[in-house]
Amino acid sequence: MSHAPVLLDIGSGAYAHQAEVDEVKERMGIHHHYFDCWIFGFLENKNFNIDETVAKLRRRADFEREQLAAYNVTDWMMENMRKGIIQMIGNDKAGRVTFYVCTARDKPVAARREESRMNFDMFISYGTRLRPETKRCQITMLINQDKASMISNLDMTLQADIAVRIAKFYPGCVDKIYICKMGRLLAAMAKPIFSRLPAIVSDRIIIISDSDIRHGKLLEFFDAEVLPVELGGKNDCNQQDKYDRFATIIRDYFEQLKAAILRGDGVKEWELNCLRSAGYIEEVSPIDALKRSIIEPSISLRDPLLSAPHETGRYSPPGTSGTATAQCFTPRSPAYYALDVDDDANLITCGTDSIEMDILHSSGLIQRNSLTMSRSTLRNLFTDYVIQFTTIESFFRISLTEMHERQWLQIVQWELQERRTLLLENGLIQGDKLLAGLPSSVLLVAKGFLWLCLMVTSFFFLLGTCFIALLGIVTLINIFFAILVSPYHVFLYGTAFIVVAAQFVIFCSRGFDLTRSTYQGRVVQALRAFGAKALAFQLVIYVGCTVAYLALFCAMAARYDVLTGLQYSLAYGWIVAACLIFIYHVLFAFGLRRLRKRSYAHGSRQNHAETTLYLFMEVELDDEQMEQRFPPAEVMLLTTVAVLSVAMGVAFLTGGDFFFLCAAIVAQSVLLLLCTTFTIARNVSFSSDITICGVFYATVFWVSTLFTVSQNGWSGHWGSSVLTSLLVMLFFVITGLVSVYGRWKGAVRRRLFRTSWMLLLLHLISCVVALIVLNYRFGLFVLALAVHLLLCIVRTNEASNNYGVCTMSACFTLVLLACCIIGRTGANDVYEGSVSDVFLPNYANYSSTSAAAERLMLANLAESQARTSNMSGGSSVSAQGGTSYAMPPLCLAQFSPTVDVVGMALFTKLGLNKDVAGQDADLARWFPSFKRVPISETADSAVMRFDVFREETATVNTTIVTTRPGTDLILLIESMTMWIDAYALSIFSLLMPAPYVDRVLPYLAFAQGMVPSQWGVSIDKTTSVVRALLATSRGDHENVFVVGHGPVGSRAAVIGLRAQDNVRSIVFSGPPVILSKFNLNVTERGMARRMLSVQTMQTVFSTWYLRTASMQFIPCSLGGIRCDRIDSTIEELRHLCSG
């Protein structure tokens, strides 16, 4: 008997997981190898996770004790089996038991579904039993759909329930399902259901067309003697006596199986005992048997008279024939390899009289041993030598056989390793085959170029993914602050926020998939459906794009410069990559079957496509997630973070510091990230989406509540809006948790699951419809995203991965924190009290002489240039003149007879003072010629406040409008959405030419024009107020300046540019104003004349690499936030312009 591993019955690929199978057997207390194939099916279903496999095997044991043992064969079941709907016709060429199913003979009744399920359990238990010739425990189903009616012969609910049942209790047992002669209408109904079945079933379904049958396709899998005549074979199996005999076999088999289960045996243990009692299981190895033969005396020395009682059939028990008894004890013979599937003689069970035979055999053996020992004196020397030599020969022969088997197994292991290597290399992009025939030196260079193309393309995919994440974050931040515009917007725009967030998570996940596959040199998953040609196709794309980028770089570098050429090539590179990712993302929900096959990437084993089965069909729900709850460590971590988020939020709402708001935002984002990651990693069921949606609802509610309550309190509709959203959030969270983790089973749990999903979908649909009515442009956009998202949920298995989830959650948290911190920093610039006595108290005297000094400097410019360096008497004067003339043009600017750039900075400082008395005192000391212009209260704003000062002279009148942040912190934070996209895009500005920034920014901020915003309404109102305020300040002798600091100053600059043509804006340390974003109707040249933006080096408010023509930079060595302060700007300007 060969001692090859049992897993080799399935294939060499299964043998590669022998170590995992052995570990599972050790956990289950199994000390033999006969169940290896059975265990492998469970192990493969659980992605070779040991713990989950052991848990699933224990659930299978519970199923045997609780359900299988309670079955009874009813008259209806016997009548149904005698119809010949299912029968066993033999084995396929791989050795699997084949069940032949004729669908047209079935007349399903909804009231008999439970009996049909029991019947199926009996069939598959019989078909997957341990057999003498193989232990693979697998069957093949050959389904004939000829003349089958979709209405009278098919019960799709039952079929889906059986498929789910196979995945739950018989994983891997149904190895192939061949569906033949399926009509077009039936195929149209069945194929969508097939795609939603568990992967362990759907991946094994093979549809055989009529053309394939005519060309003998099935004969590649079945012998002609096994294949039915209707499908091109020679097996005439459509006979009533065969139907009756098979029904009797199933009934007798199950009755003995049920009795064994009731005795406490498992199904497989009982089957193994049956094989052992029939003599098909050898308990000892050949070496042990040889040792036993050496110890026992030889037959040649025994009394010839003693041999008679050991003839076959002599000790057959009464009532049995000698032939039947010989079948139980005779070693395997060829007759047992040719099984007659129509006869119940092959049904080897423990119901035979083998126990009595064992007793008789044991008594005869004892008698023989005693008689042999009494006659040991009859041995002769020649016979002993013959026995000794025979024993030695047998020992060496068996040793050589076992050495051969060990060597063969080692070769198999080497072959498995080589196959894994070849399989890995088959998915890699290599140049050996594609570039075959080239000289070795040229081949080395070509492979190096190929590697370079892969690196360049993966780099561009990464940049494209980063831009997609940036686009998603800017869109989400605008949607989030749209919730604060009006009460009850939390439902409409909160739902939109969840849909857009989920969509961009999937979008980023696709980008990371392409980046990683390209970097590793693997074929992109979208191209694997094209087979072996995918390598060449993908290689052509990569090489073509790389060559195009290189040509673009050379062309632009020759036309402009190297840096510009690099920027053009980088810009087109990541833009093309982003477009490819977008195409892949859109097609992912509609794509080929290979795109939807589960990849088990990142530890995720979700099958969302099963959701539609449980929603629309009476399919028994899987109970696996009830056993896979979060471990205590994860529960404690989630609980701690949730409590911390609530505590920090309550502390902020009750008057706490700004720190508590930031801490609550971070804690809630971490909670969302951890809960989503844990759910994706651990939950293998269809219900994880409900949990994730509940956490999303809770996050949107809590974060929006922090902003809404702190800004509007509980007054009016705002309080009722918060309470309503709280109730809705609690309802979805509690309902989801109950339906997912509740202990209910059967119909109750199915109703809870459907109720949760239907309410969730109903809420989503109603909010989207209401959003379309309120804001049709954005509503249609969200509707398109929602449809694509639902398709991803019901048609794909792994739409997102941890990379996309982490990227979007972390980036959104950082952007929201940036808005909060920048808004808070601007509010901190406001002060009260007079500062002119300690801060530039002599500026009025300095400014009165600065104009004359500048005129003298310009008059002496020609004379100083004509001086020679060898004149000793004028060397010091020349040095002084050189220092004065080295001042930048910024210092030469004169905005009024008494105000230069330092004066404008002081006006900005003056405008930040909220104390009117302090303002008047500083105004009298710094600018005695200016007077305050009274303004009405309507000009004030919760975001920004104005002060107007005016100087009238004989030549020109100057009006200066100063700005400062308002008192509403939440509005200040919300107004940061005006600039956050420019800050974020500035990171990409190095990767594209300067003109492209203005072109890309409107696409990046497209959501600003689609969703309502408080800052947009505020700017429109404030512009109208400023325009009315300055209506009298028109003419050639009127100069109007709007000055400000930080983001509020840039906001004031936008208002000034919108107000009227003679208004000029001066901003200190503010974000850049992009023309294409605010629709200012001003050209770049006009903006350079009407706006001046003074930026200090190393400022936080300055964007990286994003420059406009209106910017002027001054040095600052303080660094960080200190350079942003207006005091530091004034000091730096004073030192720079003092001469």
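Easy rule for this one: first residue shown is 1, then count along the chain.
Placement of Cβ uses the backbone N, Cα and C atoms for every residue, glycine included.
What TrEMBL says about this one:
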DOMAIN    88-239  domain 'CRAL-TRIO'
TRANSMEM  434-452  transmembrane segment
TRANSMEM  459-484  transmembrane segment
TRANSMEM  490-513  transmembrane segment
TRANSMEM  534-558  transmembrane segment
TRANSMEM  570-592  transmembrane segment
TRANSMEM  635-652  transmembrane segment
TRANSMEM  658-678  transmembrane segment
TRANSMEM  690-710  transmembrane segment
TRANSMEM  722-744  transmembrane segment
TRANSMEM  756-774  transmembrane segment
TRANSMEM  780-796  transmembrane segment
TRANSMEM  803-824  transmembrane segment
Dominant neighbour of the transmembrane segment (722-744) in 490-513, 658-678, 756-774, by Cβ pairs under 8 Å: 756-774
Interface present between the transmembrane segment (570-592) and the transmembrane segment (490-513) (three or more C-beta pairs under 8 A): yes
Integer average pLDDT (0 to 100) for the domain 'CRAL-TRIO' (88-239): 82
Interface-richest range of 459-484, 534-558, 570-592, 658-678, 803-824 toward the transmembrane segment (635-652), CB pairs under 8 Å: 658-678
Non-local residues, at least 6 beyond the ends, that sit with Cβ under 8 Å of the transmembrane segment (570-592): 456-457, 459-461, 463-468, 506-507, 510-511, 514, 524, 526, 529, 545, 548-549, 552, 788, 791-792, 795-796, 799, 991-993, 996
Long-range neighbours of the transmembrane segment (658-678), counting only residues six or more past its ends (CB under 8 A): 630, 634, 637-638, 641-642, 644-645, 648-649, 651-652, 691-692, 695-696, 699, 702-703, 706, 710, 802, 805-806, 809-810, 812-813, 816-817, 820-821, 824, 969
Distal contacts, the transmembrane segment (803-824) - CB-CB under 8 A, six or more residues away: 465, 469-470, 472-474, 476-477, 480, 501, 504-512, 602, 658, 661-662, 665-666, 669, 672-673, 676-677, 680, 703, 969, 972-977, 979-980, 983-984, 1047, 1100-1101
